[in-house]
Each structure stands twice: as structure tokens, then as C-alpha cells.
Amino acid sequence: MAQDNFSRVTEFILVGLSDTQELQLLFFTLFLLAYAMVLLGNLLIIVTVRTDPKLFSPMYFLLCNLSFIDICYTSVTIPRVLVALLSGHRAIAFEGCMAQLFFLHFVGSSEMFLLTVMAFDRYTAICRPLHYTAIMARGACWALVAACWVGGFTHSIVQTVLTLQLPFCGPNTIHSYFCDVPPVVRLACTDTALTEWLMASNSGLISLGCFLVLLASYVLILAKVRARLSQGSWKALSTCASHVMVVTLLFMPCIFTYLRPAGALPTNKYVCVIYTIFSPMMNPLIYTLRSSEVKESMWRLWKR
């Protein structure tokens, strides 16, 4: 039958995390608490950095942008999940699904690029302190952040166009709680082998490449501070260790999900919880509690 004779799917059904009423209530409570923590924690970081002149440095400028991205990233998926868990309405229009897919990859890949830039910032500050001011000038910081957003947009538009050109004519049940490339592509009424490999080489290689660059930067930092026994060096090493833990929680599930064709193995929707909810929730905790300057500024803001 010709592709033109297919009746195009107008909506998808999101299976969610569980069909059990008790578990749905539990997931609603956990997701709501996590979303509240993401919003409050990241908004507090943004307000603190923007109002304290002592935090007008490249590191905190990048941290402020990371907080904004985390708010956008979680807002793409969690509000709709909360509504579905509360109302039981799991249908999402085709256009809404494509929009969610686009913004998820747009903001998510921008965050990956930004975390790589933040690792470069830490490397420059620790390994090349005399050149730090010149390398990470204000204009350079703005250019790097803009490059992160442009890179995220380019990646996302490619993923979305590859998905939109597929015919969807039959199954419309997505075995996840949000619209993403792997579970959506599996529903296409055509051979998607080439498309799956193109998407895997796009999303998967971006995730793997950024993760390897991050690891390389932290290895260089470790090699630089290994011979130093000063308190400042040990503090830098401890901070890098906590950052590695957070980026690993973000990148490893993404690599597992995207660095393979969509039809190779079913995507574990519980693995997706790690990089869509847990990792954004941990970012403000790790990047704030490890910084005495931010904690002191927050205390001054509270007293004010």
C-alpha cells in the first residue's frame, strides 16, 4: 500500500510509569517534590547570583545559565506527567508530542554543551590561573553560552525533522511517560533502520563526545593538583569529584538510551527518570553546597 494511503496518527497514548493506582499516587508525590526542588533550588541560585556582586565571575555566570536550563528541561516533561498521574488522561496530540520531543532535545543537548563549557572553565581556572581572566572574559562567556544554545537547537531540529518525515499509521502507544525519539520511532509504519542509525549517531555521539571531553578535563585537573598538597588544591579535587558524579548520572543513561538504534533494545522508562528528573534535581545541590561563596551569598540574601 502506498504511503499516501496511510491514515496518519493524530494522537499518542503515553503508558506512564505504572497502571497501579497506589504507585501512581506515589509517583505523583515524588515527581511533585522533585519538581518543587528543581524550581526552588535553581531559582534561588539565579536570584543569588544575579543580586550578589561578589558572584559576578564566569563560573557563577555559567552556573546561573545551568540553573535556567534545568528549570526549562524539567518543565518540558514533569508538568504533563503530573497532570496525567492526577487525571488519568494519557493522550497527547501528535503536534504536542513533536513539540515535547523538540524542546526536550533542544534544552537537554544545550545542557550537555554547557556542562562541557563549565568543565573547561574549571580546567582553565585550576590549570591556567594566570590566563584565566583573559580566556574567560565576559564576551567569551556569552559567546560560549550562545554556542551551547545554537548547538542544542541544531541537534534538536535534526532529530525532529527525521521523526516528522516518518509515517505513523497504526500503533500509537508510547511505552514511556514522555515523547522521546526512541519510543516514537518504533511506532513508524516503515523501515526505520537508516533513520535510527542517523539518530543514534546524532544524539548518541553528542552524549558520548561531551562525556569524554568532561572526563578528559577532570583527568587533566587531577594530574595538575596531584602534586599539590595545599588546602585549596584538595578542595578543587573534591569539587571535581562531586561534579564527575553528577555528570555521570546525566550522561551514562543518555549514552545507554541514544547510542544505539531505537529498535535494538526497548528503552527502560525508569532509566529515563535519572536524566529527566534526578539529575536536574541534584545539580543545584552539588553545585551550590560545594561552593562556600554561594552558601554565604544565600545566607546574606536570606538575612536581607
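Note: Cβ is positioned from N, Cα and C throughout, glycine not excepted.
Feature annotations, reproduced from TrEMBL:
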DOMAIN    41-287  domain 'G-protein coupled receptors family 1 profile'
TRANSMEM  25-47  transmembrane segment
TRANSMEM  59-78  transmembrane segment
TRANSMEM  98-120  transmembrane segment
TRANSMEM  140-158  transmembrane segment
TRANSMEM  204-225  transmembrane segment
TRANSMEM  237-258  transmembrane segment
TRANSMEM  270-289  transmembrane segment
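At the 8 Å Cβ cutoff, the transmembrane segment (270-289) and the transmembrane segment (140-158) share fewer than 3 close pairs (sequence separation 6 or more) and do not count as touching. Nonlocal intrachain contacts for the transmembrane segment (59-78), taken as residues 6+ away from its ends with a CB within less than 8 angstroms of a stretch CB, comprise 31, 34-35, 38-39, 41-43, 45-46, 49-50, 100, 103-104, 107-108, 110-111, 114-115, 117-118, 121-122, 125, 138, 141, 145, 148, 177-178, 276-277, 280, 283-284, 287, 293-294. When Cβ-Cβ distances under 8 Å to the transmembrane segment (204-225) are tallied for each of 25-47, 98-120, 140-158, the top count falls to 98-120. The average per-residue pLDDT of the prediction over the domain 'G-protein coupled receptors family 1 profile' (41-287) is 85, rounded to a whole number.
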